[in-house]
Amino acid sequence: MPSCRPYSRAIARPRSWSASPSILPGILSNVRDAVVKAVTDHSTPSLASLGWTEFFGDQLEPGDANFVPTRIATVHRDRLTGLSQAGPVDLTLPAQANTGDYAVGDWVLVDGHEHLVQRRLTRKTVLERRTQGGRVPQLAAANVDTLFIVTSCNADFNPARLERYLALANEAGTTPVILLTKADTAEDAEAYERQAAALQRGLPVVMLNPRTSDAATVLAAWCGAGQTVALIGSSGVGKSTLVNTLAGSAQQSPQQTGGIREHDSKGRHTTTSRSLHSIAGGGWVIDTPGMRTLQVSDVGYGIDTLFAEITELAPLCKFRDCTHVHEPGCAVQAALKAGTLDPERLARWRKLSDENQNNTPVQSGPRGAKSPGGRGKRR
Ligand SMILES: Nc1nc2c(ncn2[C@@H]2O[C@H](COP(=O)(O)OP(=O)(O)OP(=O)(O)O)[C@@H](O)[C@H]2O)c(=O)[nH]1
Ligand SMILES: [Zn+2]
C-alpha cells in the first residue's frame with residue numbers, strides 16, 4: 001500500500017555526483033568536472049544549480065558528448081527559450097516538433113551552434129492538468145521538486161479543489177505544500193490552517209503574505225540551490241506576487257500582478273504564460289496561469305495517498321471489490337458509524353475517484369484504486 005511521502009524529501013538536496021554509477025566515463029566525467037568546477041568557483045552557474053542531477057546524467061549516451069544540457073525556461077506558442085551554463089538561449093525546434101510537447105523545467109540536449117533541440121531527457125516528475133472539456137491534459141511543468149498549492153483565507157478556500165491539486169501533486173511525484181495567503185484579511189485564519197492540515201497526512205501548511213520579504217524566509221526550506229518549486233492555485237491568490245518576492249530585486253521582468261473582484265474573491269487571470277524564474281537565495285520557481293476548473297484523470301496513486309485513511313481501510317472489507325456503499329462487512333462503513341471517518345471526506349473521495357475512473361482509459365482494480373502508472377510515471 002502506498003504511504004504518504006516523507007516530509008523530509010521536501011528539503012532533500014540533489015544526490016552527490018560521486019554516487020553516480022559511471023557507465024560512460026568520458027561524457028560523465030566532462031559533465032561532472034564542469035559541475036564540480038562551477039560548484040566550487042561561483043563564476044558560472046553550475047548544472048547542479050540549474051537542477052541537474054545524476055537522474056539526468058545517467059541518460060547521456062556516447063553520441064551526446066557535443067550537446068549542451070539546457071533547461072527549458074519558457075514555452076510560448078511558437079518558440080522555446082532555455083537556460084544553460086552559458087546563459088539564456090533561444091532554442092530551435094526540430095522539424096515537426098511542437099512547443100506543446102515541452103514543459104517548463106524540461107531538460108533537453110542542444111546543439112551548441114544552431115541551438116537546435118536534439119532530444120528531451122526523461123522527466124523525473126511531470127505536472128499535467130486537464131481543464132473542463134479539455135480532451136488532452138496540458139503539460140504544466142516538469143522536474144518540479146515541490147508544488148506550492150496557493151489558496152487565500154477567503155471564499156477561494158475550497159477543500160475539494162485543494163484535494164484535486166493534492167492528487168495531482170502526489171501523482172506527479174512532487175512534494176505538496178499548502179500556502180495560505182491573505183490571512184491579514186481573515187477573521188479566523190487559524191481555522192483555515194486547521195482545515196488545510198487535515199487534507200492529507202503530514203501535509204505542510206504555511207501561512208504567509210506574498211507581499212512581504214518574510215515569505216521568502218519561511219519558504220527557504222523548500223528552495224535553495226538546484227531545487228525547483230512550482231506554484232498552482234486560482235487566479236488572484238497571490239502567485240505572481242510571490243514569484244516576484246522570491247525572485248527579489250534581481251528579477252529581469254517582474255510578473256504582472258492584478259487586483260481581484262472583491263465580491264467573490266475571484267482573480268482576473270493576469271498570468272498567461274509559464275516560465276522559470278530564478279529565486280534570490282538559489283533554486284527556481286515556475287508560475288502557472290490560474291484556473292477555475294481542474295479535472296482529474298489517471299491519478300489513482302495520488303488519490304490513494306491523499307485519502308490514506310480510506311485507502312488503509314479498504315483491505316479490511318469483506319469483499320475485495322467492495323464499493324464501500326452497501327456491502328456487509330465493509331470496514332469503511334464501520335468507521336463511518338464509529339465516527340472515526342469524516343463523512344465529508346468519504347463523499348469527496350467517492351466523487352474524485354469516480355471522476356478519475358471515468359476519465360482514465362485503462363483501469364484495473366475497484367474504483368480506480370489502482371492506477372496503471374502510479375507515482376513518478378516518467379516520460
Ligand atoms: N492583503 C493581501 N493581499 C494580497 C496577499 N497576497 C496577494 N495579495 C494581492 O492580491 C492581488 C492578486 O495577486 P496576484 O499575485 O496577481 O495573483 P495571481 O495568483 O498571480 O493571479 P493570476 O496571475 O491571475 O493567476 C494583488 O493585488 C496582490 O497584491 C495577501 O496575503 N494579503
Ligand atoms: Zn468497504
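Each residue, glycine too, has its Cβ placed from N, Cα and C.
Predicted, not measured: the structure shown is a model, and the values here were computed from it.
Here is what TrEMBL says about this protein:
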DOMAIN    130-294  domain 'CP-type G'
DOMAIN    142-292  domain 'EngC GTPase'
BINDING   Thr181, Lys182, Ala183, Asp184, Gly233, Ser234, Ser235, Gly236, Val237, Gly238, Lys239, Ser240, Thr241  GTP binding site
REGION    247-275  region 'Disordered'
COMPBIAS  247-258  compositional bias 'Polar residues'
BINDING   Cys317, Cys322, His324, Cys330  Zn(2+) binding site
REGION    349-379  region 'Disordered'
Go through the binding-site residues Gly233, Cys317, Cys322, His324, Cys330 and pull out the ones with a Cβ less than 6 angstroms from some atom of ligand 2.
Cys317, Cys322, His324, Cys330
Listed binding-site residues: Lys239, Cys322, Cys330. Which have a CB under 6 angstroms from an atom of ligand 1?
Lys239
Argmin Cα dist to Thr241 (GTP binding site) over the binding-site residues Cys317, His324, Cys330 returns His324
Consider the binding-site residues Cys317, Cys322, His324, Cys330 and say which one has the Cα lying nearest the Cα of Ser235 (GTP binding site).
His324
In this structure, the one of the binding-site residues Ala183, Cys322, Cys330 whose CB has the fewest other CB atoms within 10 Å is Ala183
Nearest of the binding-site residues to Thr181 (GTP binding site) by CA-CA distance, picking from Cys317, His324, Cys330?
His324
The mean pLDDT across the domain 'CP-type G' (130-294) is 85
Of Lys239, His324 (the binding-site residues), the residue whose Cβ has the fewest other Cβ atoms within 10 Å:
His324
Restricting the comparison to the binding-site residues Ala183, Gly233, Val237, Lys239, which residue's C-alpha is spatially nearest the C-alpha of Cys330 (Zn(2+) binding site)?
Gly233
If we check Cα distances from Ala183 (GTP binding site), which of the binding-site residues Cys317, Cys322, His324 wins as closest?
His324
Tell me, by DSSP, whether Thr181 (GTP binding site) is helix, strand or coil?
strand
Pick from Thr181, Ser235, Thr241: which of these binding-site residues has the biggest number of other Cβ atoms within 10 Å of its Cβ?
Thr181
